[in-house]
């Protein structure tokens, strides 16, 4: 009876309902997908989709292995060579280290890697070469993702996609972002700092974080502060609690970072050395960088800036007229940086590399606004940049690294070998790419710090009259090295010396399609028979 009554009760309830009741589906908070950008998503890495992050890291690792050329001496002589000397106690430190113009903070990063490899007996020459570069590639990949994240939360996914595309296919970024240059680390830290900078609409604002990253970039390379001067002034001007900003963020961060730098340099120099001040005195106040070449004031405007932008240039100009007001400060920083560097006589492409990510924001806005011509524009950008990236990464100036492979081979095959590199000074790496204590001499080129107008360094004296210099320098057969390394343009001038002393060419190494002055299209390796 209870069963029947129960059934009648439910029947009455159902019959009394005019419509079928639909239960609302509830999603479990535990298993539901969190909103976009929400922390804790299992498929997230660095706050973004894990596949995007892994793709970027994979691309930069590929980028690393597809850059097999040399760019400038500093990528070795101010980082890897110093690190090698710190860990293995042999090598060569350039004159800047004797004068206290360079700090040990940046080489210490690579020295730590070398020390770990040494402790585990894995310090092979190939690992010494590639581990630092792969670490730099990983940092650059993280910076790429951070740039994407910043634009995505300031604008939307579509806009971020085009900025990200511009960043990844930039030929100059591809060429530089895996090199062990201070400029590369400076660029990475600039992107990280911009991520936390109080741009209008940003949700990631953190004054302590961004000021710390700017301070770290300044420690690594003092001129890193140049692009940040307009940004720092803007933040200070708009901040209501100005005194708190200075006393609670800028001042403590600056003092602590500078203190760490001073302690590190005190340990390795053996005395208190204010590297950042010495660097600014030499390169900015005294402008002694002109010893390594000078350019007219308009060089960055006419050549430097257009070259590093490359095929992105028309899109950058177009984007400048389209971007919202919040990005105006980035344009100010770009113009300011180009103008400041234009006032210095010594100019290089890499000096303005840190503002290239700023430019990609404007290029991305340009692509986003294109409708009819978007596909042709994308094809043009991709193909033109890939062509430049592959040529500069695999072909142009690769001989400087390839010849080191031949020299490294002498470590095992000829323990009595000695090498003399008769090329413009610092044309090749040194012991970081050989990793055995073979005697390796090269032409010296320290600047004159005493104001001597008639000063000539060793390289200048050599190239003034190569044959006479060699005959005077090697007056005895005992002094002759077993191997010589020269550019092809020098062979005719010293042919008599080579024949007289029994040198035979054993290797011809391609270097560049664009020989210039003392730099030839090939590098020759000679052995004394």
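The backbone N, Cα and C atoms fix where each Cβ goes, glycine too.
Automatic prediction, not curation, is the source of TrEMBL annotations.
Fair warning: this is a prediction, and the values are worked out from it, not measured in the lab.
Cross-referencing 171-191, 276-296, 297-317 with TrEMBL places the feature transmembrane segment at 297-317. Taking every listed stretch (211-233, 245-264, 297-317, 329-345, 351-370) in turn, the largest tally of C-beta pairs under 8 A with the transmembrane segment (377-395) is reached by 297-317. Within its own chain, the transmembrane segment (245-264) is flanked in space by residues 103-105, 108, 207-208, 211-212, 215-216, 218-219, 235-236, 239, 272-276, which lie at least six positions past its ends and keep a Cβ under 8 Å from the stretch. Cβ atoms under 8 Å from those of the transmembrane segment (329-345) belong to residues 199, 226-231, 234, 283-284, 287, 289-290, 294-295, 297-301, 304-305, 320, 323, 351-352, 354-355, 358-359, 361-362 of the same chain, restricted to positions at least 6 beyond its ends. Counting same-chain residues at least six beyond the ends of the transmembrane segment (351-370), those with a Cβ under 8 angstroms from any Cβ of the stretch are 143, 147, 151, 158-160, 162-167, 170, 172-173, 176, 183-184, 186-187, 190-191, 194, 223-224, 227, 300, 304-305, 308-309, 312, 315-316, 318-320, 322-323, 327, 330-331, 333-334, 337-338, 341, 377-378.
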